[in-house]
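Visitor: Before I ask anything, here is the structure I am working with.
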């Protein structure tokens, strides 16, 4: 046959496919069966669709098993899958109208022309990568991000690409794309063919829907379980201890827990970190806010191997995972669920301390505890007790093995959703009131007074100052006292630091005892019902003309922990009399005002140490 006849033959077949069958014939007036998947009826030349499954992972199913339909003109005969494929080929020149949230994985062709609607909300786009995007990304979001179209919509050509690692985060055209460590498929976008077809945000059909059948609505982002608001990191074991097979069983269990939590925009958010030789953050809290996407992401995580350096991974998670940029939310409990198969290869106690200092509630899920013959290989047999938020039984959870774990899912979820038990959510950084009592006497001088204010600022800026967090106050004293600002005057770190910079030097005598009594009465008195722990930091450069021991003792009795910092001519006896016990860790001295800087970290550590001891 001549090649010139092939297009004509194809067109003839296309027309025949659209002719109605004889009256009464099978398929007359019915609809041809074919796959329609995704938010936009994502037509696929493979005839497959991805859908939810009773198991955590979504599975690929033949459309004929689902009964999915594609709409053909009234009276068209029922078509076989082969005829369906040919029909799609006949009309493949027309762009497919998609929704704002149709993802790359919903379009299963190597190359497809689509039509994006206008007016999509930029802040709701989920985009991962730059130029090359993970297939879980919104196609229209990727197109706007790359500059192929504006937010008014338009035609886009989509090219499927293999999966890759390290999708980058780039801010472009009003969209901040997100990082993703790994995904199984990718795509890129270019300018598409123009079309007269208008995109409305819904997939376009050339026929009426079957009687009695409702069109699928574009899924809205679910709010999730509002009674279980938590930011949760699953720290999974990816070491040679667990091996590939048990690693997959572990992922399956984590997927079930994630599903039951009720993930959503206003519910729990989850991320995942893998512990092995080096820790790796697989995805962050902000990456996914639906259970379906989280399950896909968990499934994509690959086994790394190496030693089970759980301590290193826990410390890394506490310090690097729970940041505002990574999606942590203000006032929401921070939780790490650590899975340990056997025992850790490194020290986990220090990591537990760091996590508590950062306000992270650590749960340990231990599987297959070491048998007596193995105990000699364990660095610390009490590692669970030393790593968890509190050694009270609530934060530790044990499963005998990775088989038949479904019955353990609900009890663990109930623990993770019991917010009143999250005792480590309060930290020294967000649950303290710190007043600074600053010597403004004549012996200080204006330039040294500025160094004292810098010392105060460097301590204050370390804490999470807010209306529900840490609070800062300042009093300057000579023979008189002046409240520079109280605990209730400023609720942001920026305002507090600005207020400290604006303090004007008084100059005068030195009456430290009266200043302590003034501060206890007028600064701490109004907040005596505050749940925060109270601290007073005194900075002075000379001997007081009045008694300091009595007023300091009254402050101690009022539950105020006192740190005394002396410079130059400040007597050591006065510093010790003012300081809380033990004196050696609450009293500091330096000969020069420039020596104040190294004391900053000592005071901060002391505040955190005293806070943690008060919580035991």
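The count begins at 1 with the first shown residue.
Quick reminder: no glycine exception, Cβ is built from N, Cα and C everywhere.
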Visitor: Match it up for me: which of 130-161, 162-193, 194-225, 226-257 does TrEMBL list as region 'Disordered'?
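Guide: Feature region 'Disordered' in TrEMBL: residues 194-225.
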Visitor: Pull the DSSP breakdown for the domain 'LCCL' (94-187) and write it out as helix, strand, coil residue counts.
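Guide: DSSP classes over the domain 'LCCL' (94-187) add up to 14 helix, 44 strand, 36 coil.
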Visitor: What mean pLDDT does the predicted model reach across the domain 'VWFA' (231-416)?
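Guide: Reported value for the domain 'VWFA' (231-416) is a mean pLDDT of 89.
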